[in-house]
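Worksheet: one structure, shown below.
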Amino acid sequence: MTFAANFSLVLPEVILGVSALVLLVWGAFQRKTSPLFTGAAVLALLGAAVAAVVGPHGHAFNGVYAADAAATYAKVAIYLSSAVAIVLGDRWLAVRGDQKFEYAVLVILAAVGMGVTASAGDLISLYIGVELQSLALYVLAAFRRDDAKSSEAGLKYFVLGALSSGLLLYGASLIYGFAGSTRFADIAAVGAAAAHGTHGVGLLFGLVFLICGLAFKVSAAPFHMWTPDVYEGAPTSVVGFFAAAPKLAAMMMFARVLGDAFPDSVAQWRQVLIIASLASVFVGAFAGLAQTNLKRLWAYSSIANVGYALLGVATGGETGLHSMLLFMTLYMVDVTGFFACLQALSRDGKPMETIEDMAGLVKERPGIAVAMTAFSLSALGMPPFSGFWAKFYVFGAAMGSGDVLLQWAAVLGLVGSVVAAFYYLRLIKAMWFDAPAGAVDKPQPTARAVGFAAALFSFPVVMVALIWLDPAARAAAAAFGHA
């Protein structure tokens with residue numbers, strides 16, 4: 001393949017990489033962000049999304065990079081989520097009077113890394129993408145350098161992230177040692193030929209370490225320890241970003257590695273994913289019961305929801321991966337909207353971040369209270385909100401798989417949803433029935449608008465959106481397994 005053909009396939013990453021460098025130089029002279037600077041960053045992400053949609057499909061650089069329907073689907077969602085994060089972050093910085101230009105640059109660099117992982121066709125490109133996004137996210141977690149909790153969050157994330165990278169690299173080195181290649185297609189060929197020999201066992205041993213490293217990135221139990229502390233300490237706009245785009249990118253990593261590199265080892269890795277899925281669901285459900293801080297509560301909610309997405313990956317095949325992609329897309333909208341609403345709220349200039357702070361919110365800010373209620377019911381899986389359809393697809397895929405383990409996992413997942421209902425309903429009860437805790441400041445218009453838009457998507461827009469989201473996710477799921 002010629003250089004021009006390779007270049008056309010990686011154009012979205014090129015656009016974002018060049019834009020990040022230009023914005024970095026621009027910011028160095030300007031010293032702070034501005035509406036024009038923020039607009040340029042958002043435009044770069046939208047341009048990359050368009051390039052991903054209209055660009056050609058194929059494999060670049062001898063199979064190291066895959067531009068297919070799955071990558072396109074994930075990149076569009078990731079880039080749009082990143083653009084929203086930049087807009088919300090710009091408003092957060094403006095309120096604090098500390099308009100650092102690095103915020104937008106870091107989000108773009110994280111988006112580049114996520115895009116690379118979504119298109120990875122090789123263990124090396126996978127690792128490069130993972131580390132590029134992780135390094136940017138470490139800095140974003142500690143972006144409030146004058147805040148002890150933010151600095152602590154960034155440090156914890158960095159230290160545990162280094163551990164997970166070590167696990168991932170160790171697994172990758174074992175796989176390379178037994179397969180003799182880092183390309184997913186070559187690993188799949190070796191795995192198929194040596195499924196019952198020493199090489200097959202060695203590959204599976206490496207895969208276990210690789211899954212452990214990836215589980216950290218997606219906050220799956222038992223590698224979830226960093227999530228509540230990082231969510232609590234990081235800025236609200238950053239938390240909304242953390243809970244959305246990186247989660248989809250991490251799920252794409254799971255789908256790429258398992259679907260493209262280990263398609264003949266489904267029986268082995270399915271058991272591991274089912275255990276991780278159920279552990280995540282029940283850790284998220286039960287640990288969330290004791291939380292009063294909303295960021296920590298939604299951290300455990302995200303752990304539980306990762307469990308449901310992993311159930312879709314464990315189901316495998318086009319149906320399972322289709323359910324995972326739809327689940328993550330709908331979940332991204334809900335979690336972005338919830339944290340946008342949370343960012344919009346303050347009392348006496350201080351953020352409202354606990355359930356007690358939300359007491360009587362419907363009397364002070366009825367619109368935001370209704371939106372947050374919608375997001376809570378959606379995360380719970382209550383019909384007709386988008387979260388119901390997300391879980392409907394995942395549980396439907398598991399129950400229709402014909403695998404008894406997956407069917408029991410789906411039943412237990414429903415039990416976990418019932419347990420988690422308590423903390424969602426506790427928040428709703430505080431907003432609607434408790435006495436107001438005091439006057440609420442005028443909300444941030446941009447954050448409020450994002451929250452309202454996401455709430456409208458959750459219902460009723462989702463009913464129309466699924467008409468084109470469903471076939472798009474199905475086409476994306478069909479692309480896996482063709483490394």
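The backbone N, Cα and C atoms fix where each Cβ goes, glycine too.
According to Swiss-Prot, the feature transmembrane segment maps to 9-29, 35-55, 69-89, 104-124, 158-178, 201-221, 234-254, 272-292, 297-317, 368-388, 404-424, 449-469 (among others).
Below 8 angstroms of C-beta separation, residues 301, 305, 330-331, 333-335, 337-338, 341-342, 344-345, 358, 361-362, 417, 420-421, 424-425, 427-428, 431-432, 443, 448, 451-452, 454-455, 457-460, 462-463 of the same chain, each at least six residues beyond the ends of the transmembrane segment (368-388), sit close to that stretch. Scored on C-beta pairs under 8 angstroms, the neighbour of the transmembrane segment (201-221) with the top count among 9-29, 104-124, 272-292, 404-424 is 272-292.
If you count C-beta pairs under 8 angstroms between the transmembrane segment (234-254) and each of 104-124, 272-292, 404-424, the highest count goes to 104-124. Residues 270-271, 274, 277-278, 281-282, 284-286, 288-289, 291, 297, 301, 304, 307-308, 311, 314-315, 376-377, 379-381, 391, 394-395, 398 of the same chain sit 6 or more residues outside the transmembrane segment (404-424) yet have a Cβ under 8 Å from a Cβ within it. Beyond the transmembrane segment (272-292), the same-chain residues lying 6 or more positions past its ends with a Cβ under 8 Å from any Cβ of the stretch are 208, 211, 215, 219-222, 224, 228, 254, 258, 300-308, 310-311, 313-314, 354-356, 405-406, 409, 412-413, 416-417, 419-420, 422-423. Under 8 Å from some Cβ of the transmembrane segment (9-29) lie the Cβ atoms of residues 37, 40-41, 44-45, 47-49, 51-52, 55-60, 65, 67, 75, 79, 101-102, 104-105, 108-109, 111-112, 115-116, all in the same chain and six or more residues away from its ends. Cβ atoms under 8 Å from those of the transmembrane segment (104-124) belong to residues 12-13, 16-17, 19-20, 23-24, 27, 33, 37-38, 41, 44-45, 48, 52, 59, 63-68, 70-71, 74-75, 78-79, 82, 85-86, 89-90, 130-137, 139-140, 143, 172, 175-176, 182-185, 187, 241, 245-246, 248-250, 252-253, 256, 260, 483 of the same chain, restricted to positions at least 6 beyond its ends. Same-chain residues lying 6 or more positions outside the transmembrane segment (158-178) and placing a CB less than 8 Å from one of its CB atoms are 123, 126-127, 130-131, 134, 138, 187, 190, 199, 202-203, 205-214, 216-217, 223, 225-226, 261.
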